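Notes follow once the structure below has been shown.
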Ligand code: NDP
Ligand code: MG
Ligand code: MG
């Protein structure tokens with residue numbers, strides 16, 4: 001069993017004396033900043049003027065520019081989009097990154113793929129919640145938490161691990177469990193998970209199911225409920241009780257269908273292609289492609305986004321969700 005850390009294993013005192021800069025106030029940024037503040041830590045949010053800046057002010061946070069926040073703080077958590085971190089780090093964060101400070105990430109991408117090369121005299125670690133930022137905040141407010149990984153890349157002070165764990169406790173993750181990893185393991189598994197299962201695999205499966213039903217003449221609204229809406233309800237059961245817990249709740253007919261159909265959809269060929277994704281992640285090929293796509297100003301990213309947003313499952317879904325205000329929490 002991996003070693004897990006929970007609230008009682010962690011002394012947050014080491015972080016209480018320090019000032020924390022949360023750089024970026026997006027999905028993860030707002031959640032980390034607000035949870036840390038509510039946990040009694042000294043937090044300054046570093047953002048440029050605009051939407052995030054206004055939101056942080058409205059939420060009652062202390063706000064500064066990225067440069068000022070980096071200068072002021074002892075612990076600097078970078079919660080900017082991965083593809084923009086290198087430039088902002090070099091121009092606005094590095095000048096304030098004096099010896100003895102901590103440089104922190106929520107994903108190892110830039111350090112692992114050598115885009116950001118931290119100076120030798122600072123602690124470097126990551127605290128990566130295993131869930132979307134909005135849920136890091138929502139579960140915290142509900143008294144719960146999203147599990148997280150932590151990894152120490154560089155330990156100059158000798159207490160990088162204690163600071164990392166205190167940070168994880170501050171955002172509520174040690175209520176759910178915190179697990180030690182490395183930058184390499186976090187980066188590769190995170191990219192694989194989102195590509196093969198959580199995002200890429202799931203959206204492709206949902207769309208394929210929806211399209212097949214609609215092409216066969218079934219009502220699009222029904223197809224939406226069947227392939228997208230109900231997925232959440234099934235996943236909630238998996239989240240609570242694993243695969244067996246989910247199967248306990250569904251009918252025996254559904255369970256039998258699960259057994260006889262699942263392997264025909266995800267077969268050995270699918271697994272071979274999943275292994276291909278993993279090796280492209282491990283070799284750095286995926287990262288190089290994504291960095292290049294950004295250097296080219298995202299031609300494919302924008303074209304695919306436009307096409308995906310126009311898909312019938314999106315137009316049908318929007319109408320149905322508008323009638324379910326309880327679904328639309330964000
Ligand atoms: P978002 O895209 O949600 O937020 C980005 C933030 O960065 C915004 O506040 C944005 O402000 C700000 N920003 C962008 N460009 C600049 C700039 N040039 N100068 C100053 N501020 C800028 O990012 P995420 O929260 O999704 O991701 C942050 C990190 O967390 C990444 O490393 C990601 O891999 C990691 N992570 C994300 C997860 C998630 O749930 N999304 C899950 C686990 C890890 P503005 O409003 O001004 O554009
Ligand atoms: Mg992830
Ligand atoms: Mg990710």
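Just so you know, the numbers here start at 1 and follow the chain as drawn.
Placement of Cβ uses the backbone N, Cα and C atoms for every residue, glycine included.
Going by what TrEMBL states, the NADP(+) site holds 25, 26, 27, 28, 48, 52, and the candidate of 133, 143, 145 recorded there is 133.
Only 190 of the binding-site residues listed as 28, 190, 251 bring a Cβ under 6 Å of any atom of ligand 2; the order follows the sequence. In this structure, 190, 194 are the binding-site residues from 26, 28, 190, 194 whose C-beta falls under 6 Å of some atom of ligand 3. In the structure shown, across all protein chains, 28 is the one of the binding-site residues 27, 28, 52, 251 with the greatest number of other Cβ atoms within 10 Å.
Here NADP(+) is bound by 25, 26, 27, 28, 48, 52, 133 per the record. The longest Cα to Cα distance in that group is 20 Å. 25, 28 are the binding-site residues among 25, 28, 251 whose C-beta comes within less than 6 Å of an atom of ligand 1, given in sequence order. By a simple count of nearby Cβ atoms, those within 10 Å, the most crowded of the binding-site residues 190, 194 is 190.
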